[in-house]
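Taken from TrEMBL, the feature domain 'Cell division protein A N-terminal' applies to 11-155. Residues annotated as transmembrane segment in TrEMBL: 26-49, 61-85, 91-113, 125-151. The annotation compositional bias 'Low complexity' is assigned in TrEMBL to 162-174, 239-250. TrEMBL lists 162-181, 216-306 with the feature region 'Disordered'. The compositional bias 'Basic and acidic residues' annotation in TrEMBL covers 280-306.
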């Protein structure tokens, strides 16, 4: 039975207040809380019974017990609350001191009641007793209120102030100690991951192979009229003595040498002009590509990527 009650108390404490620092705080706190509540109820019941059974003359001893029990019930209950809360133990000590003062006031009440309590004749200790009890009760209330406020603040912030300060300092030190190379490496990895599946374009236009090679066909360059070499079309001409120069000129005309030289010079000149124009076009496209570099390409150059 005791084990079941202990488990029940632990479960209630963990549910509403968290993990206990000591089992003694759980058991003592619940005992004081329940005991104070029971004393208050018992004091009210005894006072009601005294009023019911008393006739023309009050039952002083029963009324005295009712007053003492009821007076000690409230500070005992509040001390139990202070002990249960996971706060500084100084609050519990202050509440305990207040309860001790109320017990002293209750002892004074028992020693003088009813002959010297609220009487017109003789020495009256009612004022002193009430003042002492008030000091003790105010002390208990102040300690319990401080404990409740402290617990609420810690629960709202999540961690105690000291722990929070240590955490912030550690975070600041970690931030100040970051390695720049590690940051750059992380940026490089992020860039590579982002560009892994990307279709890179150059200035908004897909990259294409603009390198062209000039192909020259020797057959076309050396394409000459070979009809003059056909023996069937050969014409025999006899000169009566125009001289050697005239004979050589005639032979060149028969071979078509002048036509071959002219056609060869024209074809070579056209090829050179086409090659020069192609090179200028390639240089112009390369210069335009450099001027229209995309942000991605600039980032690649900055990071040193090929």
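If you go along the chain as it appears here, the first residue is 1 and each next one adds 1.
Glycine is no exception: its Cβ is also placed from the backbone N, Cα and C atoms.
TrEMBL entries are annotated by machine, without manual review.
Taking DSSP states H, G and I as helix and E and B as strand, the domain 'Cell division protein A N-terminal' (11-155) has 116 helix, 0 strand, 29 coil. Residues of the same chain lying 6 or more positions beyond the ends of the transmembrane segment (61-85) and with a Cβ under 8 Å from any Cβ of it are 13, 17, 25-26, 28-44, 46-47, 49-50, 53-54, 91-92, 95-96, 98-99, 102-103, 105-106, 109-110, 113-114, 133, 136-137, 140-141, 143-144, 147-148, 150-151.
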